[in-house]
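S.K.: Handing you this structure, nothing more for now.
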Amino acid sequence: MHPEASEPVVDGVAEQECAQEPGVEESAGDHGNAGEGGRKEEMNDPKETCVGPLNTSCLSEQKQSGDSWSDGRLAHQRADKEDRGARMTKKFLQKLCKQHKLYITPALNDTLYLHYKGFDRIENLEEYTGLRCLWLECNGIQKIENLEAQTELRCLFLQVNLLHKIENLEPLQKLDALNISNNYIKTIENLSCLPVLNTLQMAHNHLETVEDIQHLRECARLCVLDLSHNKLSDPEILRVLESMPDLRVLNLMGNPVIKNIPNYRRILTVRLKHLTYLDDRPVFPKDRACAEAWARGGYAAEKEERQQREMRERKKITDSIEALAALRRQAEERKWQRASQEQGEEPTPAGAGDVDAEVEGEEEPQEKDTRQKIEQFVKESFEAKDELFPEKPEEPSLLEELPLDVGEPKGVLPSEVLPASPRAAWAELAPQTVATESASGTEPDGAENLEATRLETKEQLFIDDLPNLEDVNAGESLGDRDREQCFPKITAISSLSDASEPDMDDISLLALENTSSDTLSSIFAVPKDTSWRVETETPFTDILKVAPERDPETQRKASEVPRPLIQELGDDEEPSGPPPLPPVCEGEAVPAPCTEDSDGDLLPAPAPGNGPEKDEVQSEVEPEERLGSEAGENREDIEFGLD
């Protein structure tokens, strides 16, 4: 009757069927249950209605929605797996080996680092048969398992896990160190199957009674035991520890039993015979001896034992020092013997053997043995030194090659032996010649005396013999100076000087009074003339030629008329007379100052009395003598300052 109304009914049924399929939105079902207005809107909207031709598209949409739902469920499951922890898979282990630069082939690796990875169980290690060290620290492992293939394992680290029991360690016959600290273990068990177990660390667990550690009696090879920070409180645990024959290191810190045992350290040291390290410090032999003395006789015996050991230690130090002293003494003796052999002498130290015999007679047998050991040690030390460092003959040095002079003063350096210049050598030679002549007391006369003088004048020349350029004290009288310094030299030189020397002395006095830089430089300058250089290099022959060239009459006059120095300076005689002797020490006077020509060469001055310059020099000396007479004793004489 009403076909138009029937069509929407069919459409509405189709919509309900679509709404019942999974993956379709719930809003579509809600719209199906809505009023007629809502249904009319759905019929008028071609996008949301499912008409006959569009049934295939509706089914495809349902299928796509189902696939997306299944993918989301799988992803959720994978996330749950990741939350539960990582698995020790073969792929993961291979990747880890590559990351740590280990071998890709599992059997070639001897160490595997699996700590801090969050594993909850041990698995997939069958291929790693060559492991010697396995790190499983800081994981969530709840059980020791799946270690049957690790027969070569030496070290197993399982600290900071969730273990409650020690088990499944039978395949590890070569295990040496086991660390299961920071777990929840309440009893030590299943360790007797490890025949070579040396180190067991069980700190921070839940051990409480003697029965919990009773299994340690069966661990005969256990050497290091760490039971710190447990709940052990019974002193009877010492019986268990005493039964462990190889126990060397024990740590019981953090247990109540420490407070329950009086004299805890002494008692454990005495009862555990092989203990070398207790808790946080070693057990020294001295501590063990004192503890055993305390066990025998109390605190007094311990004090006595401690004093005896201190005395022995002190004696040991003293013996060491004596051995070193013996080494040094024997080294000095060998050096002294070597020096004696070089000099051709073979003396023996007086009384050395007697002293040694007396000492050996007074010593006790024990001290004698100690002394013999020291001597043996010294002997072996020197033999080793001779083997390693053979002694070589010392080459004579430059100072030893130089001739030793009788008159050479001590402390003179080699640089001071040579004179500064040829003039200095000339000036230094005169006093030595005078000294030799005055010591002999006779004047050289003839060839024999000349040869004797040559032999006596072989002395070294020093810069120290030059006069010191210092000011002379003005308050000192000239007479005292003459008597103290120059009078003996004037009498000795008077026999060697001729009549022309007083004029020469006047010139030198004038030159020394007018001391200037030019004069001093001319004195110490080396002339360029080769003939003068040859003469200065051989001063001995020139000086010794002075005596035979003089006339006997001039020698007699010079020796008969010596005048005192004060009388000469005070005289106002005429310049025409013979000039007086100056206060110059003739032995130390240098040759007459040289004149400098236009080319700058130094030429020797002509002899006084042989040229026209004699009158000019005498006229210049006369006013100087007058000034000296007016000044009196307060005048400062530079000549004596140079002496």
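Just so it is clear, glycine is given a Cβ too, placed from its N, Cα and C backbone atoms.
Found this in Swiss-Prot, in case it helps:
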COMPBIAS  37-48  compositional bias 'Basic and acidic residues'
COMPBIAS  54-68  compositional bias 'Polar residues'
COMPBIAS  73-85  compositional bias 'Basic and acidic residues'
COMPBIAS  355-366  compositional bias 'Acidic residues'
COMPBIAS  367-395  compositional bias 'Basic and acidic residues'
COMPBIAS  547-560  compositional bias 'Basic and acidic residues'
COMPBIAS  624-643  compositional bias 'Basic and acidic residues'
REGION    1-85  region 'Disordered'
REGION    332-405  region 'Disordered'
REGION    537-643  region 'Disordered'
REPEAT    107-129  repeat 'LRR 1'
REPEAT    130-151  repeat 'LRR 2'
REPEAT    152-173  repeat 'LRR 3'
REPEAT    174-195  repeat 'LRR 4'
REPEAT    196-217  repeat 'LRR 5'
REPEAT    221-242  repeat 'LRR 6'
S.K.: Using a Cβ cut-off of under 8 Å, list the residues of the same chain at least 6 residues beyond the repeat 'LRR 6' (221-242) that approach it.
M.R.: 181, 195-210, 212-214, 248-257, 260-261, 267-268, 271-272
S.K.: In the same chain, which residue numbers or ranges, 6 or more beyond the ends of the repeat 'LRR 3' (152-173), come under 8 angstroms Cβ to Cβ?
M.R.: 110, 115, 129-145, 179-191, 193-196, 201
S.K.: Give, as a single whole number between 0 and 100, the mean pLDDT over the repeat 'LRR 6' (221-242).
M.R.: 95
S.K.: With DSSP helix as H/G/I and strand as E/B, how many residues of the repeat 'LRR 1' (107-129) fall in helix, strand and coil?
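M.R.: Taking the repeat 'LRR 1' (107-129) as a whole: 2 helix, 3 strand, 18 coil.
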